[in-house]
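Chemist: Okay, so Swiss-Prot annotates it like this:
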{"type": "ACT_SITE", "residues": "Asp170", "note": "active site, proton donor"}
{"type": "ACT_SITE", "residues": "Tyr263", "note": "active site, proton acceptor"}
{"type": "BINDING", "residues": "4-70", "note": "NAD(+) binding site"}
{"type": "BINDING", "residues": "Arg93, Asn147, Arg283", "note": "substrate binding site"}
{"type": "BINDING", "residues": "Cys169, His200", "note": "Mn(2+) binding site"}
{"type": "SITE", "residues": "Glu109", "note": "site 'Increases basicity of active site Tyr'"}
Amino acid sequence: MKKFSIVVAGGGSTFTPGIVLMLLENLDKFPIRQIKFYDNDAQRQEVIAKACDIIIKEKAPDINFVYTTDPETAFTDIDFVMAHIRVGKYAMREKDEKIPLRHGVLGQETCGPGGISYGMRSIGGVIELVDYMEKYSPNAWMLNYSNPAAIVAEATRRLRPNSKILNICDMPIGIEIRMAEMLGLKSRKDMVIRYFGLNHFGWWTDIRDKKGNDLMPALREKVAKIGYNVEIEGENTEASWNDTFTKARDVFAIDPTTMPNTYLKYYFFPDYVVEHSNPNHTRANEVMEGREKFVFGECRAIAEKGTAKDSKLHVDDHASYIVDLARAIAYDTKERMLLIVENDGAISNFDPTAMVEVPCIVGSNGPEKIVQGKIPQFQKGLMEQQVSVEKLTVEAWMEGSYQKLWQAITLSRTVPSASVAKAILDDLIEANKDFWPVLK
């Protein structure tokens, strides 16, 4: 059985140890001969890499492990790139969240002006990774779960249309794990779903068990009462996420024929979100004080002790979808998965060039979309507005256009007026001068 070589792009990420543990747990399904880390921040990556080196030696000593800041070393002789980069790190995420809040607009990592700001930083970084992969390992595939996935996917469609890149998001998976728990199922894989939308902007339209029984009525009853707020074993859910999962019941009420993605909260209830935000302490601060501190602390402890035996780092079970996706490509498994792909008729009454999130059958040639047919006017109207925000953002990046970025922010449902959009944009330009292209 062939053993694979992978590079994790974003080696210094707080998610990297959990992903490495998940890969090591799945070696029977997806054998690995080599794991490489690549990051452009050597110091940050080193802390994570030293710990992962020990973890790999203890759990799978035959795997060759390399960490580097050199693209040629990282991207030569690989089968898969697993990409989760955050250009500007959490310090810039904090600005993405706090700048809009100063103007009375919600501040969120991937939604509204904050998401647009993050997108403008991410495009260049992801395109650079695609180019390294194609230069040094032209037969490799990139599994990209870098945020904001919608803007990144549109950018790769426009700028690298023939590249072997699969854009995927774990949020629907996280919600499906909760749905399965609510329905008393062993796994989300016991459900067969139909879903359509854009990334962080979609709806489940049909959920059945493997025998074809409709699970939507039972789910509707529960979601109408508690949203998606259920206890998941081994998952430590922070207060801000509990609020999001509970608020899903209000999002659901707007169209009870479907099940919503939780991110719709930011578009339907922006006033509520602003009211419940602390402009001086946002989600970025929560992450820096919580997960970032914990992961880096644990990694330093592993390096000091020389063993990971008592480590509290845990497997990122969520991330097992990455193995499912890699296996689908490697072994032609025809796995059914939600991916972000060019619409091209999957949603018959929607822009064929839009990057939509729909179920696909994935094999060694990539994804084949499952047609979702016509979508209702309500969702279509919302999606046309949102996809225009994403397309204008990518055009603004490509053309260095201030005008188009102002239009993109103005068009976001989260922003009340063009004058507020302009004020936010001017502040974001100042904050991002080391990261964005120059806008004229």
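Cβ atoms here come from the backbone N, Cα and C positions, even for glycine.
Thinking about packing and proximity, how do these listed features fit into the structure?
Modeler: For Asp170 (active site, proton donor), the same-chain residues 6+ apart in sequence whose C-beta sits under 8 angstroms from its C-beta are Tyr145, His318, Ala319, Tyr321. In the three-state DSSP assignment, the secondary structure recorded for Asp170 (active site, proton donor) is coil.
Secondary structure at Tyr263 (active site, proton acceptor), taken from DSSP and collapsed to helix, strand or coil, is helix. When Cβ atoms from all protein chains are considered, those within 10 Å of Tyr263 (active site, proton acceptor) total 23, not counting its own.
Residue environment of Tyr67 (NAD(+) binding site) contains 23 other Cβ atoms, counted within 10 Å of its Cβ in all protein chains. In this structure, Tyr67 (NAD(+) binding site) is part of a beta strand by DSSP.
The Cβ neighbour count for Asn147 (substrate binding site), using a 10 Å radius over every protein chain in view, is 22. In the three-state DSSP classification, Asn147 (substrate binding site) falls within coil.
His200 (Mn(2+) binding site) carries neither a helix nor a strand DSSP state and counts as coil.
Under the DSSP three-state reduction, Glu109 (site 'Increases basicity of active site Tyr') is assigned to coil, being neither helix nor strand.
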Chemist: Neighbours of the substrate site Arg93, Asn147, Arg283: Cβ within 8 Å of the Cβ centroid, same chain, sequence order.
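Modeler: Here the nearby residues are Arg86, Tyr90, Asp96, Glu97, Gln108, Glu109, Thr110, Gly114, Tyr118, Ala284, Val287.
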Chemist: At a 10 Å cut-off from the C-beta of Met22 (NAD(+) binding site), count the other C-beta atoms across all protein chains.
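Modeler: The answer is 19.
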Chemist: Quick check for the class: what is the C-alpha distance, in angstrom and rounded, between Pro31 (NAD(+) binding site) and His200 (Mn(2+) binding site)?
Modeler: 32
Chemist: Here are the binding-site residues: Ser13, Asn40. Which has the lowest count of other Cβ atoms within 10 Å?
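Modeler: Lowest Cβ count within 10 Å among the binding-site residues (Ser13, Asn40) is Asn40.
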